[in-house]
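Engineer: Take a look at the following structure, please.
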Ligand code: DON
């Protein structure tokens, strides 16, 4: 009986090792690089979807950009395409703001004051707030994300922003800047987000001044990143909270698991279930055209391509990450 059990374990280990040749041991540079090269070739002519245009500055971004980057817990980085082109991080920022709120206040506050269930509705849904008696959303939709900013330490816009922007810089391992044209464009047109914040406030589900927190949220969405930055930022999540390039712990491993859980249930909004079914990786999209996905302990991938589907997720980034995840046998389920 014991012998059979040992044999089964031996075979399982053998199968897993052979099934994941690209990551069985690291570094395996040629394999990951050749997967990125193949992905680029396969999807370089994909033109489905269209740029976000409800933020006018995003409509002007060149739709043809295509950048792919993988970063591993060993600090290796692989890239292909337009990986040094800056673009606005948009909703991908929500992941890192959530991480900061958890580090400052502990993970339970997110359950109590924001919510962690999927809304199953659009990222800027007001209906989601109205439908749920507890007005509970989650930190990756606009309502929950703006409310998460309102939980952060800091008495005014400046003090909140300086802590938050330094936090993002730690993940990127460099000083990030803000795309001021995007910030202005979004500030001029964010009446819908203001309405969401006021509505939450009326239900006592907002935890500070609407103007201040909306401004910080809008600024966080306007942070300029490259595809390579996003892969590096997400690699902290893939490495259980320790930065692969600096060896500094940025997050507790408990908080990493919880952030990844919310990414799995809500990272691609109403399409999160389909994404989990098909790709099986925690992920987060932004209307700037970026998507990050995390294979815990193995790698983080970021793809940038501005054309979006109806849910606000980059069409080509989804296709590319799906392909990369299949090649690397990365589905966590
Ligand atoms: O608040 C907004 O609407 C944007 N700044 C961010 C939305 C977003 O990125 C949704 N993601 N796919």
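Quick reminder: no glycine exception, Cβ is built from N, Cα and C everywhere.
What TrEMBL records for this protein is below:
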BINDING   91, 142, 186, 193, 217, 269, 287  substrate binding site
SIGNAL    1-24  signal peptide
Engineer: So which of the binding-site residues 91, 142, 193, 217, 269, 287 sit close to ligand 1, that is, with a CB under 6 Å from an atom of it?
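Structural biologist: Checking each Cβ against ligand 1, the ones under 6 Å are 91, 142, 193, 287.
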Engineer: Relative to the Cβ position of residue 217 (substrate binding site), how many further Cβ atoms are located within 10 Å?
Structural biologist: 26
